[in-house]
């Protein structure tokens, strides 16, 4: 038993050391610098997973680039440059422009790149065709990412490794929770957590409407309803 326990401890130490090495060599590039990308960047930096000075972003919106600069993050003049300076690329553009963005980058991508897509609705097979040799992980986060409380699902591409899974898990746990699922189940993830916040907002509004009907002011009713839902979620098992 003592020998088994010693082996378990050694294994855990090796795993921690490998994770530390993996993070030490990680440079994250954001393809698109919108609010979701900003939330992830802030979470990574705050949690100490990837510091701001090891991140870079590229976006056509100058205002969004200034936001990232204010975080202490570098900005790149092109997505090609982003690929040259980063080994983990987070695809955070609108789905309708994703194909052009990724195919334009394809000559700069290699098997040494991990492409993490948060673009909704784009299957891994298409991402792989567009990205060539890059390893693919598809993630479905939700809007709660912007307050550090996302509920996300992720699926691995054929060439993604267990280390890639561990890395993406560590990254997204800095802004909430994430679970590995088969890609065919990502639609279910979308239904539960992707669309879920909209239903919760409707429930809060309905509670507030009841309060207003009973004589409360709208602002008081909304505050009470939102606090009630928030506390109920925190106290649930």
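Cβ atoms here come from the backbone N, Cα and C positions, even for glycine.
Copied over from TrEMBL, here are the features:
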type	residues	note
SIGNAL	1-19	signal peptide
DOMAIN	27-121	domain 'Pyrroline-5-carboxylate reductase catalytic N-terminal'
BINDING	31, 32, 33, 34, 35, 36, 92, 93, 94, 95	NADP(+) binding site
BINDING	79	NADPH binding site
DOMAIN	183-230	domain 'Pyrroline-5-carboxylate reductase dimerisation'
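Overlay of TrEMBL annotations on the structure.
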residue: 31; record: NADP(+) binding site; Cβ neighbours (10 Å): 26
residue: 33; record: NADP(+) binding site; Cβ neighbours (10 Å): 26
residue: 35; record: NADP(+) binding site; Cβ neighbours (10 Å): 13
residue: 79; record: NADPH binding site; Cβ neighbours (10 Å): 22
residue: 92; record: NADP(+) binding site; Cβ neighbours (10 Å): 25
residue: 94; record: NADP(+) binding site; Cβ neighbours (10 Å): 11
Inter-residue C-alpha distance, residue 94 (NADP(+) binding site) and residue 79 (NADPH binding site) (nearest angstrom):
15
Distance, residue 79 (NADPH binding site) to residue 33 (NADP(+) binding site) (CA atoms, angstrom):
12
Rounded to a whole angstrom, what is the C-alpha distance between residue 92 (NADP(+) binding site) and residue 79 (NADPH binding site)?
12
Residue 35 (NADP(+) binding site) to residue 79 (NADPH binding site) - Cα separation in whole Å:
18
Average the per-residue pLDDT over the domain 'Pyrroline-5-carboxylate reductase dimerisation' (183-230) and send me the rounded value.
91
Give the distance between the Cα atoms of residue 31 (NADP(+) binding site) and residue 79 (NADPH binding site), rounded to the nearest whole Å.
7
